[in-house]
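Copied over from TrEMBL:
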- 19-99: domain 'Aminoacyl-tRNA synthetase class Ia' (DOMAIN)
- 766-851: domain 'Methionyl/Leucyl tRNA synthetase' (DOMAIN)
- 890-1022: domain 'Methionyl/Valyl/Leucyl/Isoleucyl-tRNA synthetase anticodon-binding' (DOMAIN)
- 1036-1108: domain 'Leucine--tRNA ligase RagD-binding' (DOMAIN)
- 1163-1246: domain 'Leucine--tRNA ligase ubiquitin-like' (DOMAIN)
Amino acid sequence: MAAKERRKVAELLEKEAEIQKLWDEAKVFEMDAPENLKEPKYIVTFPYPYMNGRLHLGHTFTISKCEFAVGYQRLRGKRCLFPFGLHCTGMPIKTAADKLKREIEDFGCPPKFPVDEEESVVEEKSAADEVIRDKSKGKKSKAVAKAASAKYQWQIMQSLGLTDAEIEKFADAQHWLSYFPPLCVADLKKMGAKIDWRRTFITTDVNPYYDSFVRWQFRKLRDMKKIDFGKRYTIYSPNDGQPCMDHDRSSGEGVGPQEYTLIKLKVLDPKPPVLGKIEKPIYLVAATLRPETMYGQTNCYLHPDIKYSVFYANRDESEVFVATARAARNMSFQGMTAEDGKVHYVDGLQSVKGKELLGAALKGPLTSYEKIYALPMLTVKDDKGTGVVTSVPSDAPDDFAALVDLKKKKALREKYGISDETVLPFEPVPIIDIPEYSNLAAVFMCKKLKVESQNEREKLEEAKKEVYLKGFYDGVMLVGNYAGQKTAEVKKKIQADMIKSGEAAKYVEPERMVVSRSGDECVVALCDQWYLNYGDETWKAETKQVLSQLETYSEEVRRNLEATIDWLHEHACSRSYGLGSRLPWDPQYLIESLSDSTIYNAYYPVAYLLQGGMIDGSVVGPLGIRWRSHAGILLRYLNYGDETWKAETKQVRRNLEATIDWLHEHACSRSYGLGSRLPWDPQYLIESLSDSTIYNAYYPVAYLLQGGMIDGSVVGPLGIRAEDMVDACWDYVYLGVPYNSVAMAVPEEKLAALRREFTYPVDMRVSGKDLIQNHLTYFLFNHVAIWKDHPQFWPRSIRANGHLLLNNEKMSKQTGNFLTLYDGIQKFSADGMRLSLADAGDYVEDANFVFAMADAGILRLYNLIQWVKDMVALRDQECLRTGSTRSFADRVFANEMNKAIADTARNYELTLFKEALKTGFFEYHAYRDKYRELCGGDSGMHVDLVFRWIETQAIILSPICPHIGEQIWQILGKNSFIVCEKWPLADPANDTIAKEAEFMDDAIREFRARLKNHINLKKKNNSLVNGPPTEALIYIAKEYPSWQHEVLSILNKLYKEGNGILPENKEISQRILSVDSLKKVAKKTMPFVQMIKQNLALHGPSALDMACRFDQVEVLTENMDYILSSLDLEKLTIKDVCEPCVESNIVEMTCPGRPVIMYSNARPGLEVTMRNVDKCSGFFETTISIVDDDSAATIARRLRRLNRNIKPRYSITIWRYKDPVAVDRMLINFLEPRANNEKVSDTGSFLFVIEVYTDWLHKLPVLRVFVCTSVGR
């Protein structure tokens, strides 16, 4: 950015700091609960970010949605609360701290790393890196941020600008909790965030108040039978020794366990030589998703070059399995080997190439063939399944194509030593009938798509997609115990039968590769863990009830939530490592970070009363309540009545419902990390997603408990100690139970103060779209569980947004395309950044923050401030117009402001902030500029309208750019804060005035286009072009020609029949040609129709009007000066096409509302010298041509065109000599230059009565005309 532009940024930053100080001193964003329960309120929350780095622009983009919404709702007179928590629960901080400890132990302090290792390591993103994404960011960026690496943690900390002395402190996980939270708060304050910082807190058991709240929540869920303990299939990190949740992964986020049926293909004698010495039963084990197709097995496939492992299976090692080592490792964690996590290989057979097993005779379960064989297939992969593929060519296109290849290509068989009898006799077996695809669906599709080889991957993918989809939903079994039944209904039954008979087993592996943050490839393990049973059908149904009432602003988000609810099962809610709260009943576990972040919004309202403003809860809040006494009482019913719901766009709702449908259990504990511990099992920590579902309920009470200290280290304003907040107290505050002095150690008046602060529900929850499938869905589940009998506390809306790109590229610190919130403010100013964030995008698609747009925004905002100062100066100098505001320009400007204010309000209501910026800033400025143009400059603008525009612009822009709004408010001399103002009142937009304005806009645009064509048009017979015209004739039509009238009648009927949509041109043409009178003008009709359709898209249904809704001549006449000035003309005439002598082509071109202009060049006239005699304005003279019938106004315009000394702000009057013969010879009297002159009327016309006499010397006719001018300021 140029130095000049940096100066502007510096000025904006300086002013923003001043304004933020004023806000802070006035405490304008601190909002207490309303005394009157009917007073409207608005709570908006954002998933608390993880405190292992500074906030980046991705966080800021999502936060900005909260900012803009709360800014607007404040203007609507609501008591608005935007609380903000700081998340520390989970593994990332603990993992990074432990890495630093190990590096100090291994390499000293400061560490001296081996040079050779430094050079060879691959760069990683760790928990310390600023780029790390938390739950509020997208999956891709989170994965990049958390990617495991070999780069040393110390070096990562150095890259953040920390000194060695500072880095050493980060080896203590608790230091992170005191270092990054203040930076987060400071950066958001510099942004101008409207956050009530009294209610801020950090999570984990470091904050005793919040820890008490989380443990209360978990005891409630356990009492409701929502939390269970047992073995669950879970993505598991063997290195870390615990379940690997989404945010513990460097890759594979969102990946869950995939269940297969493990088909046991028994190896028959004679065995392949490599297996010859094994006496126990040997099985090639194939993983399939379609157990119902096993009736059609004809062979199995192995990759000749893949390495397989031969290992002992079952607890008693009674069988031998053959599969890839990767699959064997997975099976060992699922009770399928003698020891959990260990594979015992047959001696010497840990690695066997597939080609050594080809040709083996096998016994396949269910197949009609007594014996099948292992054959080669080159597309088998070793990173999916077991590396053994059972072949069903009747219903698997890949299998059929590979079998055909082997049959056709003898050389291929010979290459791998495959005998003819193992291949040629085997044909696809009909097992499933699929309507339209026959009973050999794979054969049918391969022939249809002309698949010639197993290498035609695109065709085979298409065939597989068709066959699998149709086969599952429409297929009917032809064989077996379930013949005649649909495949979808019997799939699980056939699997269960095979497992019961010992012919198969259940096998589970990750859907795709998952790598933990520690660099370990994860498996699926059967783990003992506490889990939230999201698979409970009753709980799902209740959650869908919440979703049915929820505003999602986007149909896509609703669909995602629906799908998640459907597939969600158990969720592990505890862990043994990390930071966080401990399970109340099992303190060896920590509560998992997602599990404790579902209802924490309920804590915000009471936090400051408990924590006294300390984010860690280290100080007792204003109520003097200790942390043990408030574990469960905080809710009561606050009947705010039904609010007007935002217009629903059906997109997000279905996504949410789908999410609910698939959601199952969620592991809610872990043994490593930070956080609260399970109340009933303190060896486990509560998993970080599990403790972050209802924390919004903590915000309202946080200040009263923590007193503004984020760690709860200070008792809040109520003087309540953390240990006094027992479950019964939380029940009183949150669930409205009666006061019980025996169970509740806190006095009732203090608990009542907390209860009053609990102004639930959350009106809008804003988040990145990647959290739909976990946090946002858990958020719904846990709210309906905790407040099952209090639906008035259920969330009202969820707004999800896409990821943020920088200059159309993914944010990445590795590539340098990365920006922190702090750097964004320094680079663009707070409001410059906010403006660009609003402009980046609104919907769930990825948004784009463009630096060029941000730079342009800075200039726009800076210029706006300067313009406001200029207008104040002009007002003080009385240089703006006063009096009536009834001119065309005034009426249009006022009407456009009214419409823009209403449109902007609607966009804010719908949380369409890019659209609000468009209507409330960009278009608003365009209306101002057009008004200035229509008025002929600053002096022509009306003072009242100018300052209405300034005031309303400041207010409607203030949700997005509050500092600019506040600065304008100060320039105007206002004594209030603009963030505390009310939304401007505006009359309903007048449609007729709007149509008149559209008419003028379209007309002047068309006039300019015709002017350009006229000037560039070559004259006939030579290459010269027309010069600029001086005159023009505008033709208007009051009604359409008869044939156009008939066409319009047809279009109106079709428009009504189509419920506001015109049909395709083909149908319109058919309807037109059915009218006899239109057949002879058939060639003209469709171009006319196309013109009407274009107007319809631009202007709406009014394009189908048979006549104008206003007087075109009146509008054009009222804007005559503007038209003449815009087109640089001297004379303009308006004519109706119905008048005589109008050419037919002009009649055809002219329609109601679409005037046509014809230009002409100057007519020959008499050259006259015009002299300026006005005092102190500069003497000059100009010779111009005057044409018969010219008016004084025409001559004045001609003078302006020809003499640039006449400034736009000057006015022109024309004078003439009283005695044209004598006065011309007199000297001008300087004191009274117009003493011998008289003024020529503006409306008067020059009429030449030529009196010819003969010059006695030259014998020539002579004409003398005397005209003088006066140019006045």
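Here, residue 1 is simply the first one shown, and the rest follow in order.
Each residue, glycine too, has its Cβ placed from N, Cα and C.
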Winner by Cβ pairs under 8 Å against the domain 'Methionyl/Valyl/Leucyl/Isoleucyl-tRNA synthetase anticodon-binding' (890-1022), considering only 19-99, 766-851, 1036-1108:
19-99
The domain 'Methionyl/Valyl/Leucyl/Isoleucyl-tRNA synthetase anticodon-binding' (890-1022): DSSP-derived helix, strand, coil residue counts:
100 helix, 2 strand, 31 coil
What average pLDDT does the predicted model assign to the domain 'Methionyl/Leucyl tRNA synthetase' (766-851)?
92
Where DSSP helix means H, G or I and strand means E or B, what are the helix, strand and coil counts for the domain 'Leucine--tRNA ligase RagD-binding' (1036-1108)?
52 helix, 1 strand, 20 coil
Please list, for the domain 'Aminoacyl-tRNA synthetase class Ia' (19-99), how many residues fall into helix, strand and coil according to DSSP.
35 helix, 13 strand, 33 coil
